[in-house]
Amino acid sequence: MRLFLASSVLAFVSAVLADDAASDVISLTASTFSSVNSEPLMLVEFFAPWCGHCKALAPHYEEAATELKTKNIKVAKVDCVDQADLCQSHGIQGYPTLKVYRNGTPTDYTGPRKADGIISYMVKQSLPAVTTVNAENLKEFQGADPLVVIAYVSSTSSAPAPEFSVLAEKHRDDYLFGLTADKDAIAAADVEVPSVVVYRRFDEPKLAYPLPIADASAEDLEGWIKELSIPVIAEVSGENYALYAGSSKPLAYLFIDPTDEKKEEIISAARPIASKYKSKVNFVWIDAIKFGDHARALNLGEAKWPSFVLQDMARQLKYPLDQSKDVTPEAIESLISKYLDGELQPELKSQPIPETQDESVYNLVGKEFDKVVFDDSKDVFIEFYASWCGHCKRLKPIWDSLGDHYAPLKDTLTIVKMEAQENDLPPTVPFTIAGFPTLKFKKAGTREFIDYEGDRSYESLVAFLEEHAVNSLEMPEEPAVVADDSESAAQVVQDVHDEL
């Protein structure tokens, strides 16, 4: 039996070692991490074995590592449970965290989390900011990425080459840049010199910079390329959402059930409207089944598809099309037109106004925001939280204690909490909520908000209030307690009477 167990253990260990050997992802520890210093380029994932997002990333990370190995780009990982001190020393605060190391110098990885996206991102990192293009590699380079920018010049030092290089260095993570002075390549491309041309895998596939190129600055080219990087209408998901979030334009969502046999017909019907307003609004369609929670967050109350909603990305305001109406091109255009003309009011999500306020911390809802927060007579300290947020749950007893402590000052100081995912901020608010908990303070008599950025201890919160409050935080004196001797006096009288 002992021999059998030993054989089983040996087989298990061998299997584990075989799995490790089969992986193209390098496992780094405190003793081996210094190897990043000798690599021109390396991608490192800091992960925790229990992390669900890490588990979802793992197969894509492995696939990318295998492909990138053929391009001499190494991919590594660090187990932050096993190597806790190492991860702490590198400032890792969440999982997975991916960093790109160039000869030991790290930058944040900002690319996709799917295999092909990781591969594309890291290949761009391995290339010079501007790739030299010739007749032999021109065609391949033109289609090497969803969006490719090529400058055709008479010489590598003539305009717009210098400005083009500045632009390429700034956006090397975003687009693929090429430059050529090769006459055969220029002839094959059928372009005039000088010119800058964008090649896309979507919409119109080839577009030349429309203004005099010799005078174009890096900023001019940047704005033009950013505009062309967003399709007239495309599917949005976690992979490309950042592209739209980074735009200053509002985002128009067409929520569609992907199994709907009329899906392509619905998208095609919206395309002319999207094209017409392309300079002012970004249009997307989105999987309504997969992203139903996002639909509810955009104030679409019913699971009825297709549905349409316009979101002001800068102020996080939502303008849903009435779900009792059909989603037609006419209805979409009418909503867009009214929004652009300033005739549309946002739909604000709000919980019902509480019938009573039984706690020392005021339970704020969207409908009461202006009334409570912009009360000029009061200092207001607000916690924006989400019910599912672990950090918010840990803060709750401290925040409640803060409310209890300052309860005697309720006429001049309000301690507030607001469930930010169930209540929208009104247009009068000059900020959006990006994480939980978020703490903000509004001084009495103003409409300006101060961010609280200290630690979340009770003492630090009190110190912050003492520093910023306009109204006095001196506690009112408690009235002296005067004993009621009337009953005792009555008893004395009764005793006297009894004696008589």
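Including glycine, each Cβ sits where the backbone N, Cα and C put it.
Partner cysteine of Cys389, as given in TrEMBL, is Cys392 (from among Cys87, Cys392, disulfide bond). Of the cysteines listed (Cys54, Cys80), TrEMBL assigns Cys54 as the disulfide partner of Cys51.
The Cβ of Cys51 (disulfide bond) lies under 8 Å from the Cβ of Tyr95, Pro96, each of which sits 6+ residues away along the same chain. Distance noted between the C-alpha atoms of Cys54 (disulfide bond) and Cys392 (disulfide bond) is 23 Å.
Secondary structure by DSSP for the domain 'Thioredoxin' (347-470): 38 helix, 25 strand, 61 coil.
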